[in-house]
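Participant: Before I ask anything, here is the structure I am working with.
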Amino acid sequence: MFQMAKRAFLSTTLTLGLLAGSALPFLPASAAYADPDIAVTNKQSFSTDVIYQVFTDRFLDGNPSNNPTGAAYDATCSNLKLYCGGDWQGLINKINDNYFSDLGVTALWISQPVENIFATINYSGVTNTAYHGYWARDFKKTNPYFGTMADFQNLITTAHAKGIKIIIDFAPNHTSPAMETDTSFAENGKLYDNGTLVGGYTNDTNGYFHHNGGSDFSSLENGIYKNLYDLADFNHNNATIDKYFKDAIKLWLDMGVDGIRVDAVKHIALGWQKSWMSSIYVHKPVFTFGEWFLGSAASDADNTDFANKSGMSLLDFRFNSAVRNVFRDNTSNMYALDSMINSTATDYNQVNDQVTFIDNHDMDRFKTSAVNNRRLEQALAFTLTSRGVPAIYYGTEQYLTGNGDPDNRAKMPSFSKSTTAFNVISKLAPLRKSNPAIAYGSTQQRWINNDVYVYERKFGKSVAVVAVNRNLSTPANITGLSTSLPTGSYTDVLGGVLNGNNITSSNGSVNSFTLAAGATAVWQYTAAETTPTIGHVGPVMGKPGNVVTIDGRGFGSTKGTVYFGTTAVTGAAITSWEDTQIKVTIPSVAAGNYAVKVAANGVNSNAYNHFTILTGDQVTVRFVINNASTTLGQNIYLTGNVAELGNWSTGSTAIGPAFNQVIHQYPTWYYDVSVPAGKELEFKFFKKNGSTITWEGGSNHKFTTPASGTATVTVNWQ
């Protein structure tokens, strides 16, 4: 009962403060009144967080004694291909002086912390270094130019004390640049295990790497099984490599990291990544999101499939492209922005878990000399109040510019807290913790034309309404605006920083008003929930016996019931129950997709759909079929007797289409699949052309999977 009263008091206090026009203070997650769903200890959900992506080397040099020497280092940071000296101590210093807390960010996404190559590489007469962190050599040691293991632990401890989570970049796709015929080039892609050499790219007799040439990106298969540029590409079907990465990530999880950003997931087999994610969720589950680069706003079926089946979220490139087109490049309008919001909500099972952003280290920065500051500020406001987990690239708050690599990775120019962009972020970021409509809510368009977008976020009784006019010279008359805001007057959360105004709502309608040219305004209302309402379940995949976290509002203080489908979980299987968070053990039920519900005080919550229960621990198996000839339009698919193989379905849960170009060539087909460990599988292949299915004949193929590691099973078409 105390928990419910505390929530009601906090909600009422924050709402009244906003209606009075006062600024919302930053509420550190370690504060005594913080609820568990918004706390720094919640590693399974980042719905209430704002991420700040920092290139460690480019932020701040806090310890000059660990800087490189010689040709790898430029103290002036004028040569952006060399190390500039930024390190974890620099991040610690800015955590301690409250730069991040004052900005309102509650998670730092740092460069990959592992040991990178020490060699410099000459490309076209230009010396290159591994300052970016993506040329790894040992995934179980730190990059000494960033700091020691003790420094890294200090970074995590310091961040947590300030209510800030730490996300590490992690790149299991490759080591470093290598040439098959020249072992002296760079470090030959060598991989080390805590200082012990595992192997190099040349004379790779153990098959640790792929040797299929460089990718031309012409197909998904080509991108997975060929090298990304000249980077030594791992063969994850190798049992040694599989174990190496499952062990390596546990080392960083045991250090206390709160999240993982996985590099180049488009270039690693889904079957291995799902197995890897399962091992993470068994060990220490944390929020994980991957980089699947999309070059345009167009949807990609493989991208969507990965987001819905891999067990991790993605960086939302569709969001990024739409925002840049509308606010930066002026090549699209608000209808396209609204269309993106609607289409991604349909395509992604957990759209609120996708990580939204306006720029990063792999594209031109949002800000250029030709882009008005107000457009950047509006893009930030839109991102911070939209669905998804917002990520802000370092220096954006200082209007840092730069087109392409390496200019988009320049040194942090200043740490001013007085810029308008800093002010916008600092005012809007805390809403993710104070108003569940921003963290968990649905999105509904309320008023729109080419230049104006008014949208509403809603979760239970809590509401936020956002209005943006991108036209920098013409105000907009807003009439007939409907809203879920209760009757009353509402001040702009931004306090007029972006020329927003106050509004009055009466019986679901907002009085007509003028939205100034270039204005953005945010109005919000929060209220305590008296009925259970689920906002997030994380992770979204697990085996029976794993513990998952349910976040939301109105669960009460007395244990109720959690349902996975129709299976009720009660008693000791619910390890904790608070008004905003429940921790529950996955029951022993048949594997498959389930809707999760909560029942409290005789009332059922909304359904949180698409939770995946696995059969058990996972291993990766490569399924190969010979002599499978097809006609034009046909592809080969796989199905079998477990949920991971589609439970004999020929629909969307079947595996495929299989590949036939790189590892094996037509009429041999193959596919890497995450399947239950130590289990006898029965399976068959089939040909599919639209709705026409042609099964292979004979009895079911059978194969018993290993208890760990990887395997390959090869059969002939029957």
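Backbone N, Cα and C define each Cβ position, glycine as well.
According to Swiss-Prot:
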type	residues	note
SIGNAL	1-34	signal peptide
REGION	35-172	region 'A1'
BINDING	Asp61, Asn63, Asn66, Asn67, Gly85, Asp87	Ca(2+) 1 binding site
BINDING	Tyr134, Trp135, His174, Asn227, Leu228, Tyr229, Asp230, Arg261, Lys266, His267, His361, Asp405, Arg409	substrate binding site
REGION	173-236	region 'B'
BINDING	Asn173, Ile224, Asp233, His267	Ca(2+) 2 binding site
REGION	237-440	region 'A2'
SITE	Asp362	site 'Transition state stabilizer'
REGION	441-528	region 'C'
REGION	529-614	region 'D'
DOMAIN	532-612	domain 'IPT/TIG'
DOMAIN	613-718	domain 'CBM20'
REGION	615-718	region 'E'
Participant: Taking the region 'B' (173-236) as the reference, which of 441-528, 529-614, 615-718 gives the largest number of Cβ pairs under 8 angstroms?
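Facilitator: Per the Cβ under 8 Å count, 615-718.
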Participant: Output, ordered by sequence, the same-chain residues six or more apart from His174 (substrate binding site) with a CB under 8 Å from its CB, or 'none'.
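Facilitator: When sequence neighbours closer than 6 are ignored, His174 (substrate binding site) has Ala136, Gly189, Asn227, Leu228, Leu231, Ala232, Asp233, Phe234, Ala264 within Cβ distance under 8 Å.
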Participant: By CA-CA distance, flag whichever of Asn63, Asn66, Asp230, Lys266 among the binding-site residues is nearest to Ile224 (Ca(2+) 2 binding site).
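Facilitator: Answer for the nearest of the binding-site residues: Lys266.
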Participant: Using a 10 Å radius around each Cβ and counting other Cβ atoms from all shown chains, which of the recorded positions Asp87, Asp362 yields the largest count?
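Facilitator: When each Cβ's neighbours within 10 Å are tallied, Asp87 tops the list.
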Participant: On a C-alpha basis, identify the one among Asn173, His361, Arg409 that is nearest to Asp87 (Ca(2+) 1 binding site); the candidates are the binding-site residues.
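Facilitator: Considering only the listed binding-site residues, the nearest one is Arg409.
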Participant: Looking only at C-alpha atoms, tell me how far His361 (substrate binding site) is from Gly85 (Ca(2+) 1 binding site), rounded to the nearest Å.
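Facilitator: With the alpha carbons as reference points, the distance is 18 Å.
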Participant: These are the binding-site residues: Asp61, Asp230, Asp233. Which one scores highest on other Cβ atoms within 10 Å?
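Facilitator: Output for this query is Asp233.
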Participant: Within 10 Å of each Cβ, count the other Cβ atoms and name the one among the binding-site residues Ile224, Leu228 with the highest count.
Facilitator: Ile224
Participant: Please list, in sequence order, the residues in the chain of Asn66 (Ca(2+) 1 binding site) that are at least six apart in sequence and whose C-beta is under 8 Å away from its C-beta.
Facilitator: Asp87, Pro144, Tyr145, Phe146, Gly147
Participant: Enter the number of other CB atoms within 10 angstroms of the CB of Tyr134 (substrate binding site).
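Facilitator: Result for Tyr134 (substrate binding site): 21 neighbouring Cβ atoms inside 10 Å.
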Participant: For Arg409 (substrate binding site), which residues in the same chain are close in space, meaning a Cβ under 8 Å from its Cβ, but six or more apart along the sequence?
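Facilitator: Arg409 (substrate binding site) has long-range Cβ partners Phe55, Arg58, Leu80, His132, His361, Gly402.
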Participant: Let me know the DSSP-derived helix, strand or coil state of His174 (substrate binding site), please.
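Facilitator: Assignment for His174 (substrate binding site) reads strand.
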Participant: Can you tell which of Lys266, His267, His361 has the least company, meaning the fewest other C-beta atoms within 10 angstroms of its C-beta, among these binding-site residues?
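Facilitator: Sparsest of the binding-site residues Lys266, His267, His361 by Cβ contacts within 10 Å: His361.
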Participant: Given Tyr134 (substrate binding site) and Asn67 (Ca(2+) 1 binding site), what distance in Å do their CA atoms have, once rounded to a whole number?
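Facilitator: Approximately 18 Å lies between the Cα of Tyr134 (substrate binding site) and that of Asn67 (Ca(2+) 1 binding site).
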Participant: Asn173 (Ca(2+) 2 binding site) has how many other Cβ neighbours within 10 Å of its own Cβ?
Facilitator: 23
Participant: Take the C-alpha atoms of Gly85 (Ca(2+) 1 binding site) and Asp362 (site 'Transition state stabilizer') and report the distance between them in angstrom, rounded.
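Facilitator: Each residue's Cα considered, Gly85 (Ca(2+) 1 binding site) and Asp362 (site 'Transition state stabilizer') end up 21 Å apart.
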Participant: If we check Cα distances from Asn63 (Ca(2+) 1 binding site), which of the binding-site residues Asn173, Lys266, His267 wins as closest?
Facilitator: Asn173
